[in-house]
Amino acid sequence: MINTRKNHPLMKILNESFIDLPTPSNISAWWNFGSLLGACLAIQIITGLFLAMHYTSDTSTAFSSVTHICRDVNYGWLIRYLHANGASLFFICLFLHVGRGLYYGSYTFIETWNIGILLLFAVMATAFMGYVLPWGQMSFWGATVITNLLSAIPYIGSTLVEWIWGGFSVDKATLTRFFAFHFILPFIIAAMAIVHLLFLHETGSNNPLGLISDADKIPFHPYYTVKDALGFLLMLFFFLSLVLFSPDLLGDPDNYSPANPLNTPPHIKPEWYFLFAYAILRSIPNKLGGVIALILSILILAIVPFLHNANQRSMIFRPISQCLYWALVADLVTLTWIGGQPVEHPFILIGQVASILYFSIILIFMPLATILENKLLKW
């Protein structure tokens, strides 16, 4: 008898990825976030598709089309808030997923890690362009400020900004192209996620101990399908609680005012998930320096595998590195808070100290801590 699951060309791929996949028997709940990110992407694509059916990417009608979705379309308010808060959920899962990779040394799978960094950049670009689409005050000014940063690039900066804008300011052409890119990027992200999985399945999953687990692997189904389903239900509970009880908690009130180029909001800031990078950008007085620091704040993740000089892969038995890791987490929380504050004393100074600390922990303190830990283990 032929087993279709194992012999059918298409089913075979799915079987080897989600059913008979040999998985370490000791992976914890921190390994749930990969599947949760897949669920987030599915939610975003489905809700986004329904929103795109009613949205118009024209400066004169964009804001009112979003209002129309919320007021006149059946369950339009729900679709809109699922999509807006789905982005926040996506980033919560992303940060936890990257955090888990850093803690347990998953970055030693260099190809998987690098595709992950590209995915992070793609998701950030998609979220930024999506924030512009409702054409509220913060949408317009956020787009103006962030795209204007490219003018810091020597020689070609100003031309590049005008090329992205499609004119001499953020206007109709900008909104139309942002909508086009915002629509196509999630499908590119889905394709990249498949490549991410492809590279992961070449090496197999890491585990909390950071040890080779070939001798002790179990099939993905039913053990981890059930575990992922539980994670998904828990995520859905918190997500729907946010959407149905407090949908505007993470948004900006300024975005309920239509975009007005003649009236600048007192404090321009992006969504909460970009605030840590925004704080790093603002903490450097020089424009070009700020832009470089902004890009490096994410790109620094690509250097992490080359800074790894510990005898153990995971941080689970490395207490000094653990302390530094949690200091880094606290530092990122501080940067997120600072990014949402006005540019005045003492926030400027706190932001500068937190920015220096962010780069110092990753580039200097963590490698030094691993050298010390290696010596202590020998001793």
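Including glycine, each Cβ sits where the backbone N, Cα and C put it.
Note that the structure is a prediction, hence the values are computed from the model and not measured.
Sequence annotations record features per position, and here Swiss-Prot assigns transmembrane segment to 33-53 (among others) based on similarity to another entry.
Sequence annotations record features per position, and here Swiss-Prot assigns transmembrane segment to 77-98 (among others). Long-range contacts of the transmembrane segment (77-98) within the same chain, counting only residues at least 6 positions beyond its ends with a Cβ under 8 Å from a Cβ of the stretch, are 30, 33-34, 36-37, 40-41, 43-44, 47-48, 50-51, 66, 69-71, 116, 120, 123, 127, 130, 235, 239, 242-243, 247, 250-251, 271-273, 301.
Annotated heme b b562 binding site per Swiss-Prot: HIS83, HIS182, in sequence order, evidence recorded as similarity to another entry. DSSP classifies HIS83 (heme b b562 binding site) as helix under the three-state reduction. Note: HIS83 (heme b b562 binding site) has non-local neighbours GLN44, THR47, GLY48, LEU51, i.e. same-chain residues 6+ apart with C-beta under 8 A of its own C-beta.
Cβ neighbour count for HIS97 (heme b b566 binding site) (all protein chains, 10 Å cutoff from its Cβ): 20. In the three-state DSSP assignment, the secondary structure recorded for HIS97 (heme b b566 binding site) is helix. Taken from Swiss-Prot, the feature heme b b566 binding site applies to HIS97, HIS196, supported by similarity to another entry.
The transmembrane segment feature in Swiss-Prot is assigned to 113-133 (among others); the stated evidence is similarity to another entry. Outside the transmembrane segment (113-133), and at least 6 residues removed from its termini, the chain residues within Cβ reach (under 8 Å) are 55, 57, 62, 66, 87, 90-91, 94, 97-98, 101, 106-107, 139-140, 142-143, 146, 174-175, 178-179, 181-182, 185-186, 188-189, 192-193, 195-196, 199, 270-271, 273-274, 298-299, 301-302, 304-305.
As annotated by Swiss-Prot, transmembrane segment applies to 178-198 (among others). Among residues of the same chain six or more beyond the transmembrane segment (178-198), those with a C-beta under 8 A of the stretch's C-beta atoms are 17, 37-38, 41, 44-45, 48, 52, 55, 57, 112, 115-116, 118-119, 122-123, 125-126, 129-130, 132-133, 143.
Summarising the annotation, Swiss-Prot assigns ubiquinone binding site to HIS201 and lists similarity to another entry as the type of evidence. Taking the Cβ of HIS201 (ubiquinone binding site) as reference, residues of its chain lying under 8 Å away and at least six apart in sequence are, in sequence order, GLU16, SER17, LEU21.
Look at Swiss-Prot and you will find 226-246 (among others) tagged as transmembrane segment.
Positions annotated as transmembrane segment by Swiss-Prot: 288-308 (among others).
Sequence-distant contacts of the transmembrane segment (320-340) (same chain, at least 6 residues past either end, Cβ-Cβ under 8 Å): 99, 102-103, 269-270, 272, 274-280, 282, 310, 347, 350-351, 354-355, 357-358, 361-362, 365-366, 369-370, 372-373. Here Swiss-Prot flags 320-340 (among others) as transmembrane segment, drawing on similarity to another entry.
Per Swiss-Prot, transmembrane segment is recorded for 347-367 (among others), and the stated evidence type is similarity to another entry. Long-range contacts of the transmembrane segment (347-367) within the same chain: residues 279-280, 282-284, 293, 296-297, 300, 303-304, 307, 309, 321, 324-325, 327-328, 331-332, 334-335, 338-339, 341, each at least 6 residues beyond the stretch ends and with a Cβ under 8 Å from a Cβ of the stretch.
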How long is the line from the C-alpha of HIS97 (heme b b566 binding site) to the C-alpha of HIS182 (heme b b562 binding site), rounded to the nearest angstrom? 23
What's the CA-CA gap between HIS196 (heme b b566 binding site) and HIS182 (heme b b562 binding site) in angstrom, rounded? 21
Using a 10 Å radius around its CB, how many other CB atoms surround HIS196 (heme b b566 binding site)? 21
Excluding its own, the Cβ atoms lying within 10 Å of the Cβ of HIS182 (heme b b562 binding site) add up to 21
